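These come from Swiss-Prot:
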| type | residues | note |
| --- | --- | --- |
| COILED | 457-515 | coiled coil |
| COMPBIAS | 95-105 | compositional bias 'Acidic residues' |
| COMPBIAS | 113-143 | compositional bias 'Acidic residues' |
| COMPBIAS | 150-163 | compositional bias 'Polar residues' |
| COMPBIAS | 179-192 | compositional bias 'Polar residues' |
| COMPBIAS | 358-376 | compositional bias 'Basic and acidic residues' |
| COMPBIAS | 390-401 | compositional bias 'Polar residues' |
| COMPBIAS | 420-452 | compositional bias 'Pro residues' |
| COMPBIAS | 469-478 | compositional bias 'Polar residues' |
| COMPBIAS | 479-489 | compositional bias 'Basic residues' |
| COMPBIAS | 496-514 | compositional bias 'Basic and acidic residues' |
| DOMAIN | 523-542 | domain 'WH2' |
| MOD_RES | S11 | phosphoserine |
| MOD_RES | S15 | phosphoserine |
| MOD_RES | S24 | phosphoserine |
| MOD_RES | S406 | phosphoserine |
| REGION | 1-42 | region 'Tropomyosin-binding' |
| REGION | 1-164 | region 'Interaction with actin 1' |
Amino acid sequence: MSTFGYRRGLSKYESIDEDELLASLTAEELKELERELEDIEPDRNLPVGLRQKSLTEKTPTGNFSREALMAYWEKESQKLLEKERLGECGKLAEEDKEESEEELIFTESNSEVSEEVCTEEEEESTEEEEEEEEEDSEEEEVTTEVTKHINGTVSHNGVNPDNSKPKTFKSQIENINLTNGNSGGTQRNTESPAAIHPCGNPTVIEDALEKIKNNDPDTTEVNLNNIENITTQTLSRFAEALKENTVVKTFSLANTHADDAAAIAIAEMLKVNEHITSVNVESNFITGKGILAIMRALQHNTVLTELRFHNQRHIMGSQVEMEIVKLLKENTTLLRLGYHFELPGPRMSMTSILTRNMDKQRQKRMQEQKQQEGHDGGATLRTKVWQRGTPGSSPYASPRQSPWSSPKVSKKVHTGRSRPPSPVAPPPPPPPPPLPPHMLPPPPPPPAPPLPGKKLITRNIAEVIKQQESAQRALQNGQRKKKGKKVKKQPNNILKEIKNSLRSVQEKKMEESSRPSTPQRSAHENLMEAIRGSSIRQLRRVEVPEALR
């Protein structure tokens, strides 16, 4: 009955016209109906994360322009690329202002502002784009004028002093020409400070090269580390200049994209130069060919003590490592090698080579010190002897004098003439009369005979040796065996007693505790031992008893 009643309730909606109902609905009711239908039957083409209905009721403030957003991103990326290429470290104040205005404009376009404000911002953005295009054209004109001035054709006089951006661009170009070493002139920039590389290395390449060529006494180290825009030809020029230099001690060009050509130029320099003690070519593009060229050059170099070539782009390989060890076997001056050998064999042999070199350097240093001491000692020998002869001052204070005067002993000199007459001694008293015999004391008892005691142990080693020698002589003279045995046992017993007396009490206790207990023999064992030790000659005939006959 329930199902029939439900169908009966639905039958009344069959005669209703749907179009009339939809036409009678308002706009808000239609939106609500669409939301309900979306929840009931979502669009299958949309991903699952986007099928839910939007819960935000904020009205859009303006039309979204994808082209404007793409243009803004392209412009920002171009600016970043230019800054990286020019090596600009800090931002100028005007650029900061312009970028902040552009960011404000871009954010305000997406904020809750009316459409009228949005149109005004679009007009401002178009005006700023036109201004930037004009500034770009001015920068291009400045660059052309600067290049003409460098080539020596036109003088640089057409720059507007009010515009600070072209000036900064000009200074950046001049700094690049100075650091890269590609410009032919010697123009200096007086308006801007010294050029700074993006890597942070403040070395000016052209100045450093000139100092090396002029053999400047202040430049003992050439540091070209992390300069990426330096060319292989420039590195070769440095190597050529260092051939005749006598001041530079350290030459480092880590992370400069140096290749085998630069390594071969450095090898040629090491064959000639006798003053450089440290070379660093780590983190470059040098292969095994360039490294082996440097190792062959070290066979003719007796000054270099440190070489670093680890972390190259190409792997050296086992063959190159073994060849390095072979080439460095004859070298006796290299003390530090900056490379991690992959194979254990070359690694251990290289460690032994470096240890040998360090030991030789230590011996050489000690020998030089001895020679210096010998030269100094010959000159100051007399002074040393004189110093030994003179008494040195005592570190202790002198003893204080006693407040009491010491007693004076009068010396009496007795002579024969001045000797006074000696007084006459009185006569001795007469002896007492003898006592009667019954009054005499009893005589003392006779002394007891000495007890036969043990012989005292003498610790005189000389006496023991004499006794041993006498015993040996007695044996050699052909005395009887019994007598020889007794004499032989006597020194042995004395030696044992000496050893026991010299031992400590703890050692004796340890010996007694560690010594096993002597086993007690039975009567049967004694009988069997006597039978074993007897012979037929010792046996005697015994009559057989009558009971056994």
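Using N, Cα and C of the backbone, Cβ positions are placed for all residues, glycine too.
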Structural state census, the compositional bias 'Basic and acidic residues' (358-376) (DSSP three-state): 19 helix, 0 strand, 0 coil
Averaged pLDDT score, the domain 'WH2' (523-542): 80
Rounded inter-Cα distance in Å - S11 (phosphoserine), S24 (phosphoserine): 22
Contact set, same chain, for the domain 'WH2' (523-542): CB under 8 Å, 6 or more residues outside the stretch: none
Other CB atoms within 10 A, centred on S24 (phosphoserine): 8
Pairwise Cα distance for S15 (phosphoserine)/S24 (phosphoserine) [Å, integer]: 17
Secondary structure composition of the region 'Tropomyosin-binding' (1-42) [DSSP: H/G/I, E/B, coil]: 33 helix, 0 strand, 9 coil
Per-residue Cβ crowding (10 Å cut-off), top of modified residues S11, S15: S11
DSSP-assigned states of the domain 'WH2' (523-542) in counts, ordered helix, strand, coil: 11 helix, 0 strand, 9 coil
